[in-house]
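Working notes, structure below.
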C-alpha cells in the first residue's frame, strides 16, 4: 500500500512538471521575473543575489541526500554514475556560482533578488529534485539493459558536458563584465555571444537535453521541456532589452538563444 501511494505521488508530481511548461512559457512571454537586467520594484523585499541563488537551488543537493538512500537502486553503481552529472551541475549552481557572484562585489542595493521569486524557484527545485532523484534511485528499471544503457549514457553525457561548458563560460563572462562595469551592462562579445544574446540559457537547455537522453525518461524530458519553457521566453526578452538599450550598436545577426534560428 505504501509503495502504491508513493508511486501515485510520484506520478502526480511528474504530471505537474510536464504540464507546467506551456502555461509558464505563455506567462513569461508577457511578464519577466524581476531580477538581473529585468530588475524592477514592486515585488516586495529582496535579498542579496548570492544568498538567493544558494538558498533556492539548495534543494537539489540536500533533498537528493535525503531521498537517494531509500531507493531500490541507491547502491547500484550505474544509478550513482547516472545521477552524477545532475549533482555536478547543481553543486556548481548552488555553491560555486553564488560564490562567484559574491566575489564580483558589484552593488547589491539596486540589484536585490526578490524573495518571492526565490521562493518560487525553491518550490520548483523541491518538485524537480524529488522527481529526478526518485526516478534515478528507485523507479528507473532498465539498468540491466546491456549496451543500450551505455550508449544512451555516453551520448547524453557528451551533450550534457557541451551544454555545461557553454553555460558556465557564458555565465563567467557576464559576471566578469558586470564586475568590470560596476554592476552596469555592456554588449557581451566573443564566444557564443557572437551567435546569441543568451548563450548561458542555450547551454543550460543543451545540458538538460543531454540529461533526458541519459535518463531516457519522462522525468528527464519533462525537465528539459520546462527548462525551455522557462528560459527561452526570458532569452527573447533579454534580446529585446539589449536591442532597446544599445540600438544600432547591437549586432543585428545575433539571435536570442538558438544560433541561426531563434
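In case you wondered, yes, glycine gets a Cβ from its N, Cα and C as well.
Automatic prediction, not curation, is the source of TrEMBL annotations.
Copied from TrEMBL, the annotated features are:
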DOMAIN    112-262  domain '3-oxo-5-alpha-steroid 4-dehydrogenase C-terminal'
TRANSMEM  12-31  transmembrane segment
TRANSMEM  51-68  transmembrane segment
TRANSMEM  80-99  transmembrane segment
TRANSMEM  111-128  transmembrane segment
TRANSMEM  149-168  transmembrane segment
TRANSMEM  208-232  transmembrane segment
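Between the transmembrane segment (51-68) and the transmembrane segment (80-99) there are at least 3 Cβ pairs closer than 8 Å, counting only pairs 6 or more residues apart in sequence, which means the two stretches are in contact. Taking Cβ pairs closer than 8 Å, the transmembrane segment (12-31) reaches residues 127-128, 130-131, 218-219, 221-223, 225-226, 228-230, 232-234, 236-237 in its own chain, all 6 or more past its ends.
On the 0 to 100 pLDDT scale, the domain '3-oxo-5-alpha-steroid 4-dehydrogenase C-terminal' (112-262) averages 95 in the predicted structure.
Below 8 angstroms of C-beta separation, residues 49-51, 53-54, 57-58, 60-61, 64, 68, 132-133, 136-137, 140, 153, 157, 160-161, 164, 168, 171, 207, 210-211, 214-215 of the same chain, each at least six residues beyond the ends of the transmembrane segment (80-99), sit close to that stretch.
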